[in-house]
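Marked as active site, proton donor by Swiss-Prot on the basis of sequence analysis: Glu355. What Swiss-Prot lists as active site is His386, Lys514, and the listing cites sequence analysis. Taken from Swiss-Prot, the feature N6-acetyllysine covers Lys80, Lys228, Lys234.
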Amino acid sequence: MKNINPTQTAAWQALQKHFDEMKDVTIADLFAKDGDRFSKFSVTFDDQMLVDYSKNRITEETLAKLQDLAKECDLAGAIKSMFSGEKINRTENRAVLHVALRNRSNTPILVDGKDVMPEVNAVLEKMKTFSEAIISGEWKGYTGKAITDVVNIGIGGSDLGPYMVTEALRPYKNHLNMHFVSNVDGTHIAEVLKKVNPETTLFLVASKTFTTQETMTNAHSARDWFLKAAGDEKHVAKHFAALSTNAKAVGEFGIDTANMFEFWDWVGGRYSLWSAIGLSIVLSIGFDNFVELLSGAHAMDKHFSTTPAEKNLPVLLALIGIWYNNFFGAETEAILPYDQYMHRFAAYFQQGNMESNGKYVDRNGNVVDYQTGPIIWGEPGTNGQHAFYQLIHQGTKMVPCDFIAPAITHNPLSDHHQKLLSNFFAQTEALAFGKSREVVEQEYRDQGKDPATLDYVVPFKVFEGNRPTNSILLREITPFSLGALIALYEHKIFTQGVILNIFTFDQWGVELGKQLANRILPELKDDKEISSHDSSTNGLINRYKAWRG
């Protein structure tokens, strides 16, 4: 990968001039000038997904200049580098190959001259065999009963992805009850343990090193709880499995290393649901559906790696995001799924984007003088409409939004879905076109009221519009289409990282807090007054000690 400061490129300078021409152009004007705008600014993927980006403050010239930026930053070369197993995560000297985990074509992918696909396939086969034994009831707990509940213990990528996917694909789930524990706050695991029976519960401990503080604290608490009922430590092996590479620590915990599912250092945590970390997904929806999830992602991988940039969905969404983030000064993006099963999707890509591209140092080691990753947030519709859409519609901040919805619902109750989708369509129309003062006044006249007598309230009912959105309409949320959607966002994030000249696949920003917490933890063991920190931290620790009793 080349290290190119995007702001020093000719394309960036051209975009800056173009922005001066575009900053006062409205979405309404763009639609008024071109009746064919939708067909020019939308792409259908695999007859499963329609991405409409027409309600953006862009023209064909805008996209052409953004494509020039991608070319000048050698995006095509970076894509090739990632897919070929080059060690593009240079700060950790690692390849980045989540695409290998879902490489259903099984073509060789080399890391250090070795094809990784045989090992990938071997772990998948092991996951298949194990999951089928659990789901069928062939696997018995220590009292001879079948497993009814699965508790995934992990944090970050070992929790967010599996939890998001198992929730999104609940219509495909089997009889097993899924639970997820991540927070080191004892409340999290305590509440889950109240719901399960030690005789019929399987715990998955997801930690590559088997040393992650939060995960191992929860795992040991689960083990202690289990042994209070089971007594003999030999029974641990029937109720615990590990998603890890540390065979020694796994064995010492009491887990049979035959039930340790490995992954590799070229799998980043926030891209790991496709790996053994996805075992909870397999247990929830079955192996065949998990393969469909992989297949959907693989289809998007092929689209991303082979489609010209002009019709390449991850590239288009990435470039539009850069347009708002780096030229309009938008600081956030909202992800708004109109599907209750997708209620963790925004949270998943909050990590996916902010941990990937929340960097202030470029690939040359220099502090950047431009914006990098945006703040990502969102909630399902229509809940968000009654919470924060007020600011999106009438606030002073530009918030570009992705609206996501399925055409077909898994729960066709009465006219619920039509009402949901009517809101989905209405919101992007309202954000784009708004409501003028003239329309507000005419509405008053139609009600037999004189707008002049209501002049004090009219300004508050005006919507400026010109708020940008993308609409992603899925035929239906299936394992395949969800896999494709996740991969779409993954590759969007990668594309932005390439152009912004940052390392997307490390996360050094999570380390300092952990180091300081490890230093503070021994200081909390006694009641001595602390004076080794700044006055604020000392004061907080000392008040905690006084109040805890």
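Including glycine, each Cβ sits where the backbone N, Cα and C put it.
Features recorded in Swiss-Prot, as mapped to the structure shown.
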{"residue": "Lys80", "record": "N6-acetyllysine", "CB count, 10 Å": "13"}
{"residue": "Lys228", "record": "N6-acetyllysine", "CB count, 10 Å": "9"}
{"residue": "Lys234", "record": "N6-acetyllysine", "CB count, 10 Å": "10"}
{"residue": "Glu355", "record": "active site, proton donor", "CB count, 10 Å": "22"}
{"residue": "His386", "record": "active site", "CB count, 10 Å": "9"}
{"residue": "Lys514", "record": "active site", "CB count, 10 Å": "12"}
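Comparing Cα positions, Lys234 (N6-acetyllysine) lies closest to Lys228 out of the recorded positions Lys80, Lys228, His386. Checked against His386 (active site) by C-alpha proximity, the recorded positions Lys228, Glu355, Lys514 yield Glu355 as the nearest.
Lys514 (active site) and Glu355 (active site, proton donor) are 15 Å apart (CA-CA, integer value). A gap of 35 Å separates the Cα atoms of Lys80 (N6-acetyllysine) and Lys514 (active site). Lys80 (N6-acetyllysine) falls within a helical segment according to DSSP. Cα-Cα distance from Lys228 (N6-acetyllysine) to Lys514 (active site): 31 Å (rounded to the nearest whole number).
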